[in-house]
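Going by Swiss-Prot, these are the annotated features:
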ACT_SITE  GLU385  active site
BINDING   HIS384, HIS388, HIS391  Zn(2+) binding site
Amino acid sequence: MKNSYKWDLSVLLNNQSLQANFLKIQTVSEALIKAYNNGLCFTNKTSFEQFLAIDDKFTELENRYTNYLYNKQNENNLDKEVNDAIFAYQSFKNNHNLAFSTLQQELYNHEKLIKDYLTDPKLAVYKRNLMLVFRDKPHQLSSQTQSLLSQINPCFNQAERIFNILSTADLNLQPVVYQNKKYPINSVSDYQSLLENTNRGIRKACYEKWIEIYWTNRNSLSLSLVENYIQLENFAKLKNHPSYIAQTAFNDEIEVGFIDFVYQQVAQFAKTFQAFIRLKKQIYKHVLKVNKVEPYDLTLTLFKTKKSYTIEQAKQDALKVLDLLGDNYIKIVKKAFNENWIDWLADKNKYTGAYSISNVKGLEHFFILMNFDKTKSSLNTLVHELGHSVHSWYASQHQSQNIDPTIFYAEIASIANELLLCYYELQLYKNNHKQLIASLLSQINHFFGATTRQIMFSQFEKDTLYLIRVNQKPDFKTLIKIYANTAVKYQGFKPEVVANKLKKTQYQKSLSHIIAIPHFYAGNFYVYKYAIGQVAGILVAKKINSGDKKMKDNYFKFLSSGSSLAPLETIKLLGIDLTSPQPWQEAHNEVKRWLKIVKQSFKKLQK
């Protein structure tokens, strides 16, 4: 009998063993190498079509097999059979890739012929991906440079390896001591748990230790980050891009100026951010009955319900929340529940957090990993991840090649679902001031976390990269000064206030997390894109919630498009042009409306 709270990954193997699936991939790999024929497949249309067909088959088999392996590993990272299979697959894939080391150059060599082939309507689905390859031609390395880089490849990414050690194994995890009682700390999450303790003294003691976790290694972490940026800048210039940021903008099919435009729009949220922080502190001061609200007070969840929340309740609530999206959307959500797409429960060796799978070409099930914690926060996680999975379902139904959305707009579908939950709770809690305040405080927090905070991170990256381009090598003090100054532009703090705070060691410690953000090592300058997902997601949910049929129709066009269009063009399917100030202002106005509701509810709560 199936466990309804476990995902059923076995469907990915088509009722065959791991070994049989691996053998099938190896067989198709051999056929693909033979069809490639060292690039001769591009010399005539028939062999080109055969190569594409076998490549499609290989991709689909590989997606099924790797999704099975890596998700089984995340289910239990000590599964020896799975870990051995992953090792064998990685060895195979390295050899497979070697057989196609000349692929890009052969595509360039046969560009004119291939463009002629693509005029055939039967091959139109391959056009976007191949045109993106040709677009990148001026930025490809010469064969001599490529050969040299492959020889010295082991020297690369040392900064990231050092960072991974310094930010995990070498973390300064000190036990928290309060009133002679020691609270052992084995991971960063242990600090986070204590920061939610109802005892204020424990929270204060925890906060003082928590802000020191990167402090001991601050100089090494700073050096690691700067070396990482130096490498990224140098690689971008090797590929004929003026800078690392310009390279990533090119890859996203946008102008560099669009990133600055996003910064300008988010900077206009500063006054509202200040108003939110003031109101939030007033609420915490009232509820906690303290004279002054400290940072370690704001980590506490207000108005926590003691009721245990079940998976079955979460399922029913998710269906209610997403009902506005229509019968077909609900039908897919029910498929996710009934066909075991979701691995619900936490387990000892399981990956922490939540995600919806990617690389979905050839799949019919779009799996979700969760760690359900029996609280309503898991409902937010559930609708978020369902947003991703249903997005994958629609894209798979309408696209044969460009299915997985890019990170540029991938969060829109999940944020829209979170906002539909917010609007549902606005109605549900209209007579419950405590829960209404808690719901909206959480949502406004998310908004500023994804816009203001992430843009501060992005501005920090940009300003640091600028110093590197003018041959300066910033140290820890310079880095935290850069980061602190972003609070002037995006959070509305006065420059002199920030300058005075920077003189205090405690404040410097509280800023040291900026040198320990894994996203900065990703190599694609992407944290500003969280603001895009947040703003577009708000507008989608707001309009669908108000019964806007045009937005609903546009939304399903968006979900169905996958990655078949350039990122900004994909978002325009929603009727949203993010190169214009209007959508940014509209989202901002909606947040101001939420803030007004919180103020009104707080006044009633005080009576």
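Cβ coordinates come from backbone N, Cα and C, glycine included.
Positions of the features from Swiss-Prot, shown on the structure.
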{"residue": "HIS384", "record": "Zn(2+) binding site", "contacts (Cβ under 8 Å, 6+ apart)": "ALA354, SER414, ILE415, ASN417, GLU418"}
{"residue": "GLU385", "record": "active site", "contacts (Cβ under 8 Å, 6+ apart)": "ALA354, TYR355, SER356, ILE368, MET370, SER414"}
{"residue": "HIS388", "record": "Zn(2+) binding site", "contacts (Cβ under 8 Å, 6+ apart)": "TYR355, SER356, PHE366, ILE368, ALA410, ALA413, SER414"}
{"residue": "HIS391", "record": "Zn(2+) binding site", "contacts (Cβ under 8 Å, 6+ apart)": "PRO405, ALA410, ALA413, SER414, LEU559"}
Reduced DSSP assignment, HIS388 (Zn(2+) binding site): helix
Cβ-centroid neighbourhood (8 Å) of the Zn(2+) site, HIS384, HIS388, HIS391 excluded: SER356, GLU385, LEU386, GLY387, SER389, VAL390, SER392, ALA410, GLU411, ALA413, SER414, ASN417
